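Q: My structure is below; once you've seen it, I'll send some questions.
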Amino acid sequence: MASFRRLLPLCSSLRGTRFSFSGVYERFGANVCGYSKFTSSVHTVSKFEEKIKRAEADASEDNDDIDNIRREFDAAKRSFLEIPEALKAMPKTNPEGIYVNRGLRLDLIQVYGFDYDFTLAHYSANLQSLIYDLAKEHMVKEFKYPEVCMSFKYDPSFPIRGLYYDREHGCLLKLDFFGSIEEEGCFYGRHQLSEEEIVEIYGTRHIGRDQARRLVGLMDFFCFSEACLIADMVQYFVDAKLEFDACYIYEDVNNAIQHVHQSGLMHRGILSDPHRYLVKNGQLLRFLRMLKEKGKKLFLLTNSPYYFVDGGMQFMLEDSTGNSGSWKELFDVVIAKANKPGFYTSEHPFRCYDTEKDTLAFTKVDTFLKNKIYYHGSLKSFLQITKWKGPEVIYFGDHLFSDLRGPSKAGWRTAAIIHELEDEIRIQNEDRYRFEQAKFHILQELLGRLHAVIPSSKRSEAYKLLMGELNEERQKARSMMKRMFNTSFGASFLTDKGQESAFAYHIHQYADVYTSKPENFLFFSPETWLHAPCDIKIMPHHVKIPSSLFKTSRCSSMP
């Protein structure tokens with residue numbers, strides 16, 4: 001640009017000079033070729049001048065665009081000083097609602113099936129500490145981990161459901177709906193990795209197909225203690241400067257968690273102090289009785305042993321039933337130790353379980369009798385014996401893979417039970433969260449416009465300054481929203497940018513409906529048609545706060 005401007009005096013002098021064609025012809029000996037070269041240079045200078053004018057005009061337009069966005073940004077900041085009344089008046093989402101991914105006609109559902117743990121059984125927060133402590137003890141005593149690991153404590157503020165563990169690199173990851181690592185959602189031990197560190201390890205934030213094979217999803221309610229123990233063990237080896245294979249860490253922690261569950265350690269711990277770990281639930285009994293009164297068939301399908309289920313059901317319902325054994329009368333079929341997800345694909349036979357002798361019968365099971373308990377089995381045998389058809393069956397479970405993926409593929413309708421859904425919706429209903437969400441959307445919109453109107457080759461200091469300020473304010477809003485849910489990973493269903501997470505994707509994939517607990521169905525008649533809303537992006541419980549709520553405030557605050 002500076003070189004163009006140095007030509008301007010020459011252009012002006014040339015425009016002020018009058019040329020005589022004959023004089024020039026005589027002076028140069030009628031050298032037409034030479035004359036042509038001279039006139040060509042004059043035209044070239046004129047083109048330079050035109051380019052300068054256009055460049056100056058474009059720069060002026062760019063500055064106008066930046067100034068306009070700057071004024072809107074300043075007006076938005078003034079409007080951020082208070083929560084708009086329109087936002088306060090927005091309807092709240094029901095924390096105990098039923099949210100529909102695929103339409104469901106309850107009048108066509110004749111059979112209701114339930115998992116036990118974290119579905120029918122409600123547990124207190126103390127359970128995660130119990131699982132964590134029992135698993136770390138097993139790792140120290142049986143796998144010979146250092147004795148210092150016994151001092152580790154479960155941290156409820158660290159994990160969320162739906163994380164992934166990278167068995168090669170040892171990182172805990174939170175992924176979005178499209179399989180990309182969230183900017184602040186990657187931890188190596190307890191150390192949060194920066195975006196530069198993430199790119200150094202993975203090359204990009206997007207997880208490719210080959211990389212995805214190394215990832216293990218932590219999707220059920222046991223995942224909280226599992227994720228925390230994995231991170232603590234990785235951090236120990238890092239701090240001690242000891243070499244380790246990240247895959248071995250996962251295998252050892254996972255085996256310890258499985259041992260706690262399958263050996264009965266957790267079951268005995270819970271039954272030894274049910275008031276500490278189990279939550280009484282009279283509403284559950286009301287729901288089950290309502291279904292029976294409507295003529296519905298009920299079955300219980302769980303991986304837990306019968307004695308544990310029986311003890312838990314008696315405790316949870318004792319204040320409502322008045323008869324400790326009456327819970328079994330509510331179910332047409334009770335199946336324990338089912339070995340899900342293998343249950344859905346195997347051909348294992350059912351065995352009748354003698355509750356008094358604690359033995360399995362040797363006779364073939366070709367019919368299910370009321371008040372009898374059955375072990376093992378398979379989906380194929382289950383359908384052959386009951387003659388229940390897929391679309392008339394709905395199954396409730398908390399584990400997206402072990403509980404719901406098999407039934408979904410078999411044609412059953414599925415209901416995901418996500419206990420933390422209630423807390424997330426209550427936070428999303430708060431004015432302070434919606435306020436930050438609206439701020440984030442406004443700032444995102446301004447950033448998008450700024451990127452769009454200013455080409456990368458013309459980004460001035462004014463542009464960079466405004467871009468920095470917008471990014472800083474957007475980061476503040478994003479961090480505020482994240483901390484309202486979980487200081488390490490944010491919300492289970494959402495990324496920090498308000499997009500759906502990979503966990504939300506799996507719910508959308510395998511669950512026809514989802515809710516926080518089965519008894520929420522009490523609010524709906526068994527003849528209800530549950531429709532998937534038409535105006536949603538992905539998850540029906542998410543509320544999108546429009547930036548237009550601030551338009552009135554912005555306009556009124558403009559000078």
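Yeah, the Cβs are placed from backbone N, Cα and C, and that goes for glycine too.
According to TrEMBL, the protein carries these features:
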type	residues	note
COILED	45-72	coiled coil
ACT_SITE	Asp115	active site, nucleophile
BINDING	Asp115, Asp398	Mg(2+) binding site
ACT_SITE	Asp117	active site, proton donor
BINDING	Asp117	GMP binding site
Q: Between the residue listed as 'active site, proton donor' and Asp398 (Mg(2+) binding site), find the distance joining the two CA atoms and give it rounded to the nearest Å.
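A: With distance taken Cα to Cα, Asp398 (Mg(2+) binding site) is 8 Å from the residue listed as 'active site, proton donor'.
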Q: In Å, rounded, how far does the Cα of Asp115 (active site, nucleophile) sit from the Cα of Asp398 (Mg(2+) binding site)?
A: 8
Q: Near the residue listed as 'active site, nucleophile', how many other Cβ atoms are within 10 Å of its Cβ?
A: 25
